[in-house]
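> The region 'Disordered' feature in Swiss-Prot is assigned to 1-25, 67-112. Feature annotation from Swiss-Prot assigns compositional bias 'Polar residues' to 1-11. Positions annotated as DNA-binding region by Swiss-Prot, on the basis of sequence analysis: 26-83. Annotation source Swiss-Prot lists compositional bias 'Low complexity' at 90-101. Here Swiss-Prot flags 92-196 as region 'Interaction with UBC2'. As annotated by Swiss-Prot, motif 'EAR-like (transcriptional repression)' applies to 215-221.
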Amino acid sequence: MAVKNKVSNGNLKGGNVKTDGVKEVHYRGVRKRPWGRYAAEIRDPGKKSRVWLGTFDTAEEAAKAYDTAAREFRGPKAKTNFPSPTENQSPSHSSTVESSSGENGVHAPPHAPLELDLTRRLGSVAADGGDNCRRSGEVGYPIFHQQPTVAVLPNGQPVLLFDSLWRAGVVNRPQPYHVTPMGFNGVNAGVGPTVSDSSSAVEENQYDGKRGIDLDLNLAPPMEF
């Protein structure tokens, strides 16, 4: 924006400027006529000649006419008296447009809420047997929401009964096995499971129970026991 302050009705005396009048603004490509009107003209860069734009009542009107012609000749990089209408738009204008579009019903899709309850998330994986986990690529650990049944042997050792877990699909059922009698010291002590070759390996804590001792209370105790 080329604006110069020009002193009207100024008198030069001894190299000093005597300001009798009022300062007025001088615009690029605008000249003031002696009768008070303002003429606007611009140089055509192609023809290397001046182009007459007209005479206007105010300097601002003449300056705007020059700016319009300058943008036509030199494009957006032309030197003008006033900024272009696009440059006048402040950054808040775009934000105002976005906010108004949001009020009209155009909203961005909301983000899915973040799951913070890991117990519930992993529990759902245990309930479906890990199928969803394998499909989605997630890694989960089985959470036993249903407490397994606990039994206690005569020696006080607890035993977990996995039947309740098999029903929920958390633990895979083992293959059927055969039961054969087992002899101990010539006495049929009971039956014991014999896992077949096709069955899955299940580690079981086997307990022999109390070992029977053949003693005669009428006789003296042995020397070594």
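Backbone N, Cα and C atoms are what each Cβ position is placed from, and that goes for glycine too.
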> Counting by DSSP secondary structure, give me helix, strand and coil numbers for the DNA-binding region (26-83).
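Summed over the DNA-binding region (26-83), the classes give 19 helix, 20 strand, 19 coil.
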> Report the DSSP secondary-structure composition of the motif 'EAR-like (transcriptional repression)' (215-221) as helix, strand and coil residue counts.
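The motif 'EAR-like (transcriptional repression)' (215-221) comes out at 0 helix, 0 strand, 7 coil.
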> In the predicted model, what is the mean pLDDT computed over the motif 'EAR-like (transcriptional repression)' (215-221)?
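It averages 73.
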